[in-house]
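According to Swiss-Prot, the protein has these features:
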type	residues	note
BINDING	T29, L30, G31, P32, D86, G87, T88, T89, T90, G413, N478, A479, A480, D494	ATP binding site
Amino acid sequence: MAKEIKFSENARHSLLKGVDKLADTVKTTLGPKGRNVVLEKSYGAPDITNDGVTIAKSIELENHFENMGAKLVSEAAQKTNDIAGDGTTTATVLTQAIVREGMKNVTAGANPVGIRRGIETATKAAVDELHKISHKVSTKDEIAQVASVSSASTEVGNLIADAMEKVGHDGVITIEESKGIDTELSVVEGMQFDRGYLSQYMVTDNDKMEADLDNPYILITDKKISNIQDILPLLQEIVQQGKSLLIIADDVDGEALPTLVLNKIRGTFNVVAVKAPGFGDRRKAMLEDIAILTGGTVISSDLGLELKDTKIDQLGKAGKVTVTKDSTTIVEGAGSKEAIAERVDQIKKQIADTTSDFDREKLQERLAKLAGGVAVIKVGAATETELKERKYRIEDALNATRAAVEEGYVAGGGTALVDVMKSIQGTVKGDSEDAETGVKIVMKALGAPVRQIAENAGKDGAVILDHLEHEDPEVGYNAATNKWENMVKAGIIDPTKVTRSALQNAASIAALLLTTEAVVADAPEDDKNQAPAAPNPGMGMGM
């Protein structure tokens, strides 16, 4: 296909138009008085959202050159979302501010490579200063504050704080759609996996149709148990001790299953058999997790272990096990805290190294099950459209809260970026005149989020920013109440990781845009090159 090429000023101008179209759409959502954007879908009702990355991803411009500019800004938002889970609108506003100011200087004759060096120098200094002024998250109230600011809802903030308190900071918190209109939290403690009993005759509670085992032994194996003789010595020892048994195996079939059921019905001993969770390598990893959690050993040919040689001290133990037809929950595993902590660190490293979203999700699930449980926030709303919008907001709030736990928090409402600007202005220098220009561009851009929040609240952004530059650290403009106050004390806080990621990604994409000298895009198809239309049979085709 033929290509169209634009150079220097023409190229940058086309990219800037795309940047502005996307950023002007996204930035209307910033702050407590930001508006919503309606997104058309190919079918069904349109989506209504104020989630920056969702809006950015949905924008596709007709002009190829402008679309490239828009897609680059969208990438800054997407990267921020991937790293911190929030801050996408801030990243978009910062990108636009740096690009606009940079383009003016490049047009006036400044060298874009020098400007880029200055942008990188100033961004590094700003990030270092952000870390210096960051507060660590230590209480449940602080977690609730972060979540409340991100979701614009105290109710959601408290729900997320409750969930984190119950399952720990590493625990998995999933967000599901509720069938009702209320948003509520439920928590599954301990390790749960989606495999139920192999026979309903194993239940101990006929009303609930579930099997409860108190202080059971747990046999963990990746083998199939078909011959009862393989585990008979083990069963005899367990019966002598008057204990119950949970069997987690590849499968239990042949004569083994009916023999176990018969002994259960006769009251010889309490036993429940379930299939091992997962498939392939993931199954092996999950069985190893269960073994570490319960202090047992996986009886596997990979380790040279056979069922018939299994000793009772190779079995795991737990305080309580509950098995339904669909799931097994192990609570109070008897594994050593050191072994569990070591396994948790190992999984965290795998999460950091993986490039697959699916693998990351599965690893996080395993991490949560080892770290203490799974919390489920069920989102309710009156309509499908409202439900989707609430779900987006709660997901953002959850991501923001995790980010705050990781790197701490700073004053919200764009105040921290202006505080950083005040601290480093005059101390950060470029190594040339053009680099110095790059430093000044970043300094000016740091005030862009505050300006936009004020404008979305119907105020003059320049006036608010000027006032803020003369205020004490952490004192900012609360757009929700139209007051000047200490943002941290008022509970208006942003995760440091979110603010940092937004600035770093904005500076990175903006610097690339400014140093662009040529843009190549598909040439628009000419009408004369298109195939002629088929003749209409109803026009002059009669005999």
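The backbone N, Cα and C atoms fix where each Cβ goes, and this holds for glycine too.
Here the features listed in Swiss-Prot are painted onto the structure.
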residue: T29; record: ATP binding site; DSSP (3 states): helix
residue: D86; record: ATP binding site; DSSP (3 states): coil
residue: N478; record: ATP binding site; DSSP (3 states): strand
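Here ATP is bound by T29, L30, G31, P32, D86, G87, T88, T89, T90, G413, N478, A479, A480, D494 per the record. The longest Cα to Cα distance in that group is 20 Å. In sequence order, L30, G52, T80, G414, P449, V498, T499, A502 are the residues near T90 (ATP binding site), counting only same-chain partners six or more apart with C-beta under 8 A. Each of the binding-site residues T29, T88 was scored by how many other Cβ atoms lie within 10 Å of its Cβ, and the smallest score goes to T29. The Cβ of N478 (ATP binding site) lies under 8 Å from the Cβ of G413, W484, E485, M487, A490, I492, each of which sits 6+ residues away along the same chain.
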